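Here's the structure we're looking at; comments come further down.
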Amino acid sequence: MCLHAVVIYTWENTIEDLNVGSTKLVNQKQEVRESDQDPVSFIDSVFLTNLSFPDYTAADTPGNETDKLALLAFKSQITEDPIGVLASWNDSFHLCNWTGVMCSNDQRRVTSLNLQGKRLAGTLSSYVGNFTFINLLDLSGNSFHGEIPPELGNLRRIQNLNLSNNFLGGVIPSDLYNCSSLTSLALDHDYLIGQVPPGLGSLSELRKLYVGSNNITGSVPVSLGNLTSLQELDMSYNYLEGEIPSTIAQLVNLQIFQLSVNNLSGEFPPPLYNLTSLQFIALSFNSFTGNLRNDIGLAFPNLKKIWLAYNFLTGPIPESFSNTSYLQNIDFLHNNFTGKVPQDFGILDLDVFSIGFNHLGSGEPDDLKFITFITNCSNLRVLHFGG
């Protein structure tokens, strides 16, 4: 006898809420993708009582003029600026006082261009490659279209590049492998096509890589295993296929692994079992098969969320998940799991426990006994175990 559909809500949820949650996995971002920016600091004089601000009125240096021309070229390709963000970009103000621009105090070179969410539209000028002192370029949350200029590969000092949530198309420029100082690369929620360039695997300082919600094809590059500093990887909502490469086992600092809504296959990725720092695993809406290892709960002591819905996983739900003391969210909807539901899950502080549409239960009277223990989860808001 299989368990019949039972859904318990402690909040005003509907079953549609649960399904919507399963299909919008990537949109629950783990953190706001903004770099910390150091404010322009005071310059100490020989006498502590004599503090002064950077002098932006002195004659421009040749490098400063290069930055100015690049900014004006950028502005020339803006077709919509409904709130007048770039109104200050003229000779009435020094370029270091233009909206969104920050400069270094010594050479007065542009070190940051942050126009996040300013409702700008247009294409990206190739002259952005002339900001050779820039360490942050954030154009996210606008309406830029066209392709990403390969000249961005000239930005050897850049640490944070965010072009997410635009309408950018074309391929990810392979030239980005030259940006050797990159720690965060966000190209998600655009319309990019083609494959992830293998050269990105040479960005040894990279800690965050977001390319989710595009139209990317091909496989997960083997070279990504070289990104040993990587902490967050989001490649979900694309058209990736094949198996997860074994080199992923080298990402020992990885905390977030999101590849939901692709065409990936094979067993639950064996390389993941080596990544004890993982806090969030999202592999829903793929074609993974096979059993989960019995000791999976011991392999992921820091796990908080695991989403494996809409795959073809089989076998029992491992009891070892009860050892994962931080686990809060389990979504195993629509798989082929069998056997009894572990009663020890009641010792966890779960807020979502979704195991419906499987083949759980053995026809015995105690099939539903686990519910008695699950009610100990005082923060539980969704319990779905039927189907």
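Heads up, the Cβ atoms here are built off N, Cα and C, so glycines get one too.
TrEMBL has this to say about the protein:
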DOMAIN    65-104  domain 'Leucine-rich repeat-containing N-terminal plant-type'
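Within its own chain, the domain 'Leucine-rich repeat-containing N-terminal plant-type' (65-104) has Cβ neighbours under 8 Å at 37, 40, 54, 56-57, 110-115, 118-125, 127-128, 130-131, 133, 143, counting only residues six or more beyond its boundaries.
Across the domain 'Leucine-rich repeat-containing N-terminal plant-type' (65-104), DSSP assigns 19 helix, 6 strand, 15 coil. Note on the domain 'Leucine-rich repeat-containing N-terminal plant-type' (65-104): its mean pLDDT in the predicted model is 97.
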